[in-house]
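Chemist: The structure's right below; bear with me while I get my questions together.
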Amino acid sequence: MLPWFGRYLIGDYYFPPEPPIRPRPSTLPRNFGMYEHDGIRVSPTGFDSDQDDEIQRMIEETRIRSEKKREEDEKRHQARMRALMMAEDEPVETERVLLEKTREMKERQKEEDARMKLEQEKKLKEAKEFLEKEKIEEEKKKKEFQMWREAQDQRWKIRDSETNKICEEAREAANEEMERIENKNADILRQSEQEANQMNEDFRNQLRQEKEQNEYAYGEYCNRLRAQMGLFIRLVEHKEWTRKMEEKWSSRLNGLKEWFIPIAQSFSSLKIELDSKEKLGKFDLRASEKSKIKATVDILLERLETMEKVMEDESEDMERMAEEHPEATFLTDIQESAWEVGQAASKMMMYIQLFKKGIHKNCSHMDKWNRCVSSFDNLEKKVDVIPTVSELKEKNERQMKTEDENESVERSVPVSSLIITELD
């Protein structure tokens, strides 16, 4: 137990060896590298952690008992001193006894300190000797393991060479057997090909006769089928053309909504940055935080400006097309929706610019930020109400039902073809 006490007093300067290359499980000794020291089982990397904890606990208990004993001696000494001082009949004798007791106590304390110092030095010396012995033993174990590993590697090299030789002989035998089987299969294949060629020739003659008999009936069937297929193809072409035009309109309307996605991302990023700092009321931001927020605001303003320009162009385009085709009322719905989205984007851009100036002046602009949030919600609502192709078709159907029956009969064009005609 003492070597471990000394080990912790002088410091843990034990470094375990590098982990060895693990040999195959079948050749590794079960308890390789394990040995015992004073009844304690030790691995190549040192003692077990349980033994280490037990030693520390014993050292701590010894220290506590020494301190308690010293305190008790001090208390007894003070009690004696008080008893001597209270004696009134012999004051001179009491002072002399007090001095003697004090001198005896100091001498006993010095002897105790010297004894503990000698014991500590002895334990340190034993610990150093044990560590040196442990190092020598570890080097010995390491050399033994290195020799055992070299012998094991040599044994495996010899075994691998023998295995390779056996595999080579087996490979040559397998190649010879495969060559013999291939030759046999080639003969069987040639015979089978001859029989198959004869059967194919007979089958071709039979098919030729049946084909001649069926050509006349098939010609009559094809004539009827061509007439029916022509009508079917015209119907399919009209439906396919209608579907493609609706897809193009749907893509155009969805494209208008997609311009809002980067704006929502930039605004969400700005909102997260401000909420994470909890400085919406004070705006006491550092220079790095200001630059980061300003960069996000600049990106948001740029995207809002782009969306405003896109919506204005779309509104003008729909207005021009509505003038050219006044019967297509859905163009007016799209134009009004695009114009409203553009106005909402312009309003939000104005509030964002005011908010940016407030950050630059480092002053409180809670109200301006609330207006930015409100304008963003308004823009989001306007984008959501951009009509879809299905909504436009439903609205047009409701309008047609309210018209006169004669007019609806004269205008026998489907609702979807109205949209398709205008886009084409």
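Every residue number used here counts from 1 along the chain in the order it is shown.
Yeah, the Cβs are placed from backbone N, Cα and C, and that goes for glycine too.
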Chemist: Looking at the ranges 241-268, 297-324, which is given as coiled coil in TrEMBL?
Modeler: 297-324
Chemist: Go through the chain and flag residues at least 6 beyond the ends of the coiled coil (297-324) whose CB is under 8 A from any CB in it; none is fine as an answer.
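Modeler: For the coiled coil (297-324), the far contacts come to 256, 259-260, 262-263, 266-267, 270, 331-332, 334-335, 338-339, 341-342, 345-346, 348-349, 352-353, 355-356, 359, 422.
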Chemist: Tell me, what is the mean pLDDT of the coiled coil (92-213)?
Modeler: 83
